[in-house]
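Participant: Structure provided below as structure tokens; questions to follow.
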């Protein structure tokens, strides 16, 4: 894709710049690396080799490219090669290590010039130090953003420092007694006090900004270094001229360091953000191909194994294996190995999806010499996501079987009654037959996906075209189309068409097996009746089959669209030559707004959103900013002025301001030594300014991170002290040797900088400490001892200076740690709980948007998603926005979950298992909701026939015309409305007639998620009764509605399509009274209003020829919307199961409002008939004696 040829690596965890780790490299030669999370290969060890297959050469599923058995096997690697592979010392890593070690080395080398040494004087050591904070190893897009912020903060710091020194010198002049020359050296209390005030205020405000906007992390550290040096040394300056020279030298040294970092970033192994995204896309494609291969291997095992027992047994074994793997390395069964490989691949695929989302904005705004512009990159990512989601959706089959086995008690065969075991065997036989029938279609689809992905990435130059392997008959392969060749997309389309022609085989196999099972039941039991429970069970099986078939068809269409886009870029000449690509003004504007604001702009109601449409659209409160429960929106000028005052008060009372205040107090704890007469000389001689700088580097908001950082910084400084002694004395204190060795040790340090991003602050301090110690000695040797001591700092030999530096760093880190936990710490455990609450709230919002999307499609009100004023466009925009926020929160959850382990537990044990359970369930629910949203916005027509009028030619499979009607074609989101012919919407309209009247589970899911979020945030107990939705509740109600329709029909009291009375259903299946669903916005009974509208005929589609009691009839499966309805039912069931476990986990943390009690020995209980029993601890605590 790029004209530049280099290799990069990325990591999704937040970095000092707030946008990913500072190191972005993607391994190409050795992608298998445990410490490299985006490695293209995700299975380690020989136990998974049977699943690697042809994927090792990128040709899985391609029989033509299969490995020849006659090729000689490669030799076993040597011990050195094994060590290199284990350490991950591939070429990209070595290049990044070299690139990171160059800037500080250049800073040291140029100081050996007489001109440079005479200009900078004693500030020469700052140049190599600031180059470390410049992070030249960042990709170009991120580096340029960091560079702009660094220069901006340095300029602001220079102006502020000059203002502080000018005011301090004026204070000295105004307070010097008459007759005494103020230019004479000496202590002045007023001057020191003014410098201290400026320092405190500057550190407070800058660190508040740092806490509020993570992208300012490193720039604020550089800003703090400048202010610390300027104000502490400014307390002894006696003239304004000296202050100007001092600030000029200080700022010039910092800007020179950033210039060196800029040159290295652009000229030494240049890496663009577009290259990073390209490597990530290549890794994503490789992982996706591997996942499809592993999924195929797993489905083959389901053809004969017991999928119900295997699902639960595999999870238990894997859990025990994870705990004991480091001790005795237990062997895994075949099914456990297959499931483990599949789970690892899926986990890394999800991780890479988060990286794509985080790095895409930087790649789009990067200045590059390439072929694909920002819109092309967006389209590629969108098309990849369209394929990635259904492939991951197919992996949920393991979860589905596990939930079925748990719900029906089929986990352990030994404890099951004979009749239950017989029922399970019948179900197993049915699914084994279905899976055998699925093998051939999935084989065709997996080949199409694998070859389509390879063809697309080769055409788009994401990966290079593979070279012929040794031993291959090149002449025999010459006449065959290979991925990347013109016309290869047609071959893929033929495979997709062949797959589409196999549609219906799964359902026919299922019908045959169900009929055979039914006949067997009737032979064994002549009086057998087809019960309602059996009918519901069959309906669930039918849904699962439609769910899998729908995902397979959607994946096939996504492959076609991806290959068609790749071919279009080749045909229109985009891929012929490179060109200069510049970001547009709109993207730069969004980048600037994103830097200065910690949240995206909200889709607020405004007149311009309504322009271009004749309809009046009312948007709900979810589109607006969060309301203030204590104040109404300001209406007058005076109220708006008061709102501004409240904003200032809120700013200074925020947690970010509190962090800034702590940082200022920590800085002044050491800085006060420089402003007192008795200790000012001691501060300068012992170089305590570096202890203040360690405070700026080491201050964090949470206690766990601070304690972890304190240990890492002290440990890193100890190592740096030892290596500095080695560097200086090994070369007999010679300058050339010292420079070479300081480069060598910096080169080694960069390995840990790249491979272990969690230790980046400690590694940076190691490098800085080495430069401070060795660089100071080189400075003395260059300018002489007398010139070095002019600043008031006496000369110390290296063996004495190194321990002093260690004491400074340790003291500064200790002060930073103490002020993090004093007077009251903000723990990572508290932060984790808040992030979990925010995640649950975002998931609730996402579900509400999905529900609104479904409702708008049923009501024909969604409009065209390409129209910015349409509800469909607004829903799409908000869905992407919330999804992005969740993706940014997930790394934060992982980080705080790690750092909380370093916090000392004072009091009771921390419920780590409960929080891990909440993280797991929240992530799963978000995944299922994403699949639901994808199903709604990417429907598939499963019945043959002419495309709708709104179809375009490219919506059909390549090689077919719209008149021929492809067996499967994507329906654009806008076609769900009026563009679909009326006769094709009969089933959807019939469902819309009864959808609202069924009290669907969306109300309870949304309410429960919101309640759990608020309860987790505030710590308030949950209510004893939560209306948790039951799996397949909507299906059950539809079946009951059909039974009532037939019952009323027999009594001749019903009208076709009529609905039951509101009070006709006295209770739910749980025996609890019906819960009144109150609309929180209008205060009206939502369900009663819906029923009244339905009885009056409002909302029904005239001319619907499908009766409501026939909605679930399998004969309707070819109707548009039926397959999507089945997929939504399967996904909502998975959401319900995880939601139930989520409620249990949260209730275990916050408790339940339950005042029931039990009298021991009385055999009865009293109190509120709570649905939630008290815990054993609560019972023991409340136990009493009744006389």
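Positions of Cβ are set from backbone N, Cα and C atoms, glycine also.
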Participant: Looking at 55-77, 78-100, 147-169, which one is transmembrane segment according to TrEMBL?
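Facilitator: From TrEMBL, the annotated transmembrane segment range turns out to be 147-169.
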Participant: Check each of the ranges 634-654, 718-738, 739-759, 802-822 against TrEMBL and return the one annotated as transmembrane segment.
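Facilitator: So the range that TrEMBL calls transmembrane segment is 802-822.
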Participant: In TrEMBL, which of the ranges 864-902, 903-941, 942-980 has the region 'Disordered' annotation?
Facilitator: 942-980
Participant: In the same chain, who gets a Cβ under 8 Å from the transmembrane segment (246-269) while lying at least 6 residues past its ends?
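Facilitator: Residues packing against the transmembrane segment (246-269) from afar: 6, 95-96, 98-99, 102-103, 106-107, 119-121, 123-124, 126-131, 134-138, 140, 143, 147, 150-151, 154, 157-158, 161-162, 165, 222, 225-226, 229-230, 233-234, 237.
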Participant: Summarise the model's confidence over the domain 'Putative ER transporter 6TM N-terminal' (187-404) as a mean pLDDT value.
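Facilitator: Taking every residue of the domain 'Putative ER transporter 6TM N-terminal' (187-404) together, the mean pLDDT is 85.
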Participant: Check for me, if you would, whether the transmembrane segment (688-708) reaches the transmembrane segment (147-169) - at least 3 Cβ pairs under 8 Å, residues 6 or more apart in sequence.
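Facilitator: No; fewer than 3 Cβ pairs under 8 Å.
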Participant: Under a Cβ pair cut-off of under 8 Å, which of the recorded stretches 147-169, 659-676, 760-781, 802-822 contacts the transmembrane segment (117-138) most often?
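Facilitator: The stretch I would name here is 760-781.
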Participant: Are there residues at least 6 beyond the ends of the transmembrane segment (760-781) whose Cβ is under 8 Å from a Cβ of it, and what are they?
Facilitator: 15-16, 21-22, 104, 107-108, 111-112, 117, 122, 124-125, 128-129, 132-133, 690, 694, 697-698, 709, 712-713, 715-717, 719-721, 723-724, 727-728, 733, 735, 738-739, 742, 745-746, 749-750, 752-753, 788, 795, 798, 801-802, 805-806, 809
Participant: What residues elsewhere in the chain lie close to the transmembrane segment (802-822), defined as a C-beta under 8 angstroms and at least 6 residues from its ends?
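Facilitator: Residues 662-663, 665-666, 669-670, 686-688, 690-695, 698-703, 706-707, 709-710, 713-714, 717-718, 721, 724-725, 765, 769, 772-773, 796.
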